[in-house]
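Database features (Swiss-Prot):
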- Arg9, Arg10, Glu11, Tyr12, Lys67, Tyr124, Arg128, Ser132, Arg192, Leu193, His194: substrate binding site (BINDING)
- 62-67, 77-78, 83-84, Gln106, 141-142, Trp186, Arg196: FMN binding site (BINDING)
Amino acid sequence: MDLHFENIRREYDKRSLSASDLTPTPFDLVTRWLQDAVEAKTYEPTAVIVGTATPDGHPSTRTVLLKEFMNNEFIFYSNYESRKGQQMAANPHVCLTFLWHELERQIHVEGDVRILEPELSDAYFATRPYKSRVGARISPQSRPIPGRSFIVQEFMKESLKYAGRTVPRPDTWGGFAVKPVRIEFWQGRESRLHDRFLYELRPDASWSVHRLAP
């Protein structure tokens, strides 16, 4: 069955983004927009789409939750041996996209990823709920499993193993930090004349900024 969606559209008219709103580097604006998303109680305000690619250019994306924006790096956590973990190990060039429908806003980031220091991953892992820590230990993320019962049984066994004890971070799980080289801010506007501003990192570590056509 064919599906046609050409009649589904809406106008974006809630906000604007002008040159006077910009900051010398993109980081203050990133902080402001993330705070706006949290304060507006948008659905999953820290959700971010992570785009990776194999060395020969085959892309894949998935949504994760940003856990920190620290030292001008975007930090999230996952399994090092997952599909994204393997792709980032082989090709560190990644992109991130934040989309807040309620604010009619989007941030797109391009940069290079690195593995976060182990002590920082340990510190974050210790803050996770008990069941989330157990789940991180037993999930062979992105690999085929016989069925849901397999992962449930593994979870139950690991839960019993660490009952009343500290659940240690597995060696296969930890943080990733993305250092940006390009950041685009997109604000929806009427008649599809959206506001777009692109920051690009210069060789001297300063940032250029240009308005882009919608």
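Positions of Cβ are set from backbone N, Cα and C atoms, glycine also.
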Do any of Tyr77, Arg83, Gln106, Ser142, Arg196 (binding-site residues) have a CA within 10 A of Lys67 (substrate binding site), and if so which?
Tyr77
What's the number of neighbouring CB atoms sitting within 10 A of the CB on Lys67 (substrate binding site)?
16
Same-chain residues six or more away whose CB lies under 8 A from the CB of Leu66 (FMN binding site)?
Leu34, Thr46, Ala47, Val48, Phe74, Ile75, Phe76, Phe98
Secondary structure at Arg83 (FMN binding site), reduced by DSSP to three states:
helix
Expressed to the nearest Å, what is the distance separating Arg192 (substrate binding site) and Gln106 (FMN binding site) at their Cα atoms?
14
Of all the binding-site residues given, namely Arg62, Gln106, Ser142, which is spatially nearest to His194 (substrate binding site) at the Cα level?
Gln106
